[in-house]
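For reference, TrEMBL has these:
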type	residues	note
DOMAIN	8-156	domain 'Phosphomannose isomerase type I catalytic'
BINDING	Gln112, His114, Glu139, His277	Zn(2+) binding site
DOMAIN	172-258	domain 'Phosphomannose isomerase type I helical insertion'
ACT_SITE	Arg296	active site
DOMAIN	338-379	domain 'Phosphomannose isomerase type I C-terminal'
Amino acid sequence: MKFVPSTVFPLTCAVQNYAWGKNGLDSEVAKLVIGGDPLAVVEDGKPYAELWMGAHPKGDAQIKDNRIAQTTLGQWIAHFPACLGSKVKDTFQGQLPFLFKVLSVKTALSIQAHPNRELAARLHAQFPEHYPDNNHKPEMAIALTRFQGLCGFRPVEEILGFLKCVPEFRALVGNEAAEELRCSIGDAARTSQALKKCFTRMMNCEKKVFVDQLNMLVKRVTEEGAAGKDTSSSNGDLLLRLHSQYPGDIGCFSIYFLNHVVLDPGQAMFLGANEPHAYLYGDCIECMACSDNTVRAGLTPKYIDVNTLCEMLNYSPSSASSKIFPCVQDASDPCVSLYDPPVPDFTVMRIQVPPSVKQYTVAPVDSASILLVIEGDATATSVAALSDVTLRRGTVLFISANESVSLHITSPSGMNMFRACCLL
């Protein structure tokens, strides 16, 4: 066994300034960056979209301890793979299996889905320039502020309602496919096929046709709104918002197919393989398998792979409320809520320490984990750390497998933290 200097240490994490992010200190990402490092500079007009906490090559975290020879988390894990925990190390070939993020969304992200492992391997082999790795990318979003997204196909009755009330939408789908969907009610397999046909028809519309229909729809909804009419039967508010962000984009019509899901802080949604989704607005914690594979379908200037997307999607309709992923109280620790999705790659814990508690132990788990402080102040001590670490809003701590960390809490209002790990 090599001498391991320290297995608990703070990280400086990569920020991604994608155009859809919230600007300056409106962004939760920017606020956390400043909290974790008061010397960091945040620019007013610049978007701070994502904070990446992990070892992905596009955003490998820096180790914030100059006594450690390795400069990034990825390098450190490569030197000391035992830090992952033996099961995680063997299952995931010595790699940290998850990427932990904070997102601050101002304008909609593209409508997208992530491939399963089998499809990811095939896409990566055929089109490596668009699909950079061969891994699946299930992901979970947990709201920090009120968070809005599109997720999964709506119940068929809702889609049929829009086909009836929104003639411009019906024009893109076509009467034949719309009628097929209506006749399929009650037969799940037929519904799924009919839904696929409807969505594929719309996505393959000629540009001129859908731009004309979209302009007609936007004009009609704007006029109806100005006249004081209720435009909810055309999903008017969301339509105008997306159209102002992505004028002339086919993705504007996807609101008639996909559920509009609103999460309150602490609520989550899990996005499995082939689930169509788009984040619309708000701040969230996100955890995912360590991949960057995305198949896009609209609301984006990026590469759109319509055929792959239409083939791969999960065409099973369900309600918006069914998309909210429940968290469960941890049996052994009343401060911990577990968000444990149906994939092995990651689990997220929310740790809420009440104001009355001043000493708290972050329990050891048999996996490397990353801890993010959202609220609160504490001094962290661990036999595995070279020295005490000051925790405050924005601090990110890497904790090796089977290490515990003791917190001496100094803030009067307790602490709110999220921790990502892999519980095999």
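A Cβ is built for glycine as well, from the same backbone N, Cα and C atoms used for every other residue.
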Distance from Arg296 (active site) back to His114 (Zn(2+) binding site), taken between C-alpha atoms, in Å: 9
Alpha-carbon distance [the residue listed as 'active site'; His277 (Zn(2+) binding site)] in Å: 10
Nonlocal neighbours by CB distance (under 8 Å) for Gln112 (Zn(2+) binding site), same chain, sequence gap 6 or more: Pro276, His277, Ala278, Thr294, Val295, Arg296, Ala297
Helix-strand-coil residue split for the domain 'Phosphomannose isomerase type I C-terminal' (338-379), DSSP-based: 0 helix, 22 strand, 20 coil
Check: same-chain CB within 8 A of Zn(2+) site center, minus Gln112, His114, Glu139, His277: Ala113, Lys137, Leu271, Glu275, Pro276, Thr294
Three-state composition of the domain 'Phosphomannose isomerase type I helical insertion' (172-258), taking helix and strand from DSSP: 67 helix, 1 strand, 19 coil
Helix, strand and coil residues within the domain 'Phosphomannose isomerase type I catalytic' (8-156) as assigned by DSSP: 40 helix, 43 strand, 66 coil
Site of maximum Cβ density within 10 Å, from recorded positions His114, His277, Arg296: His114
Glu139 (Zn(2+) binding site): tally of other CB atoms within 10 A of its CB: 24
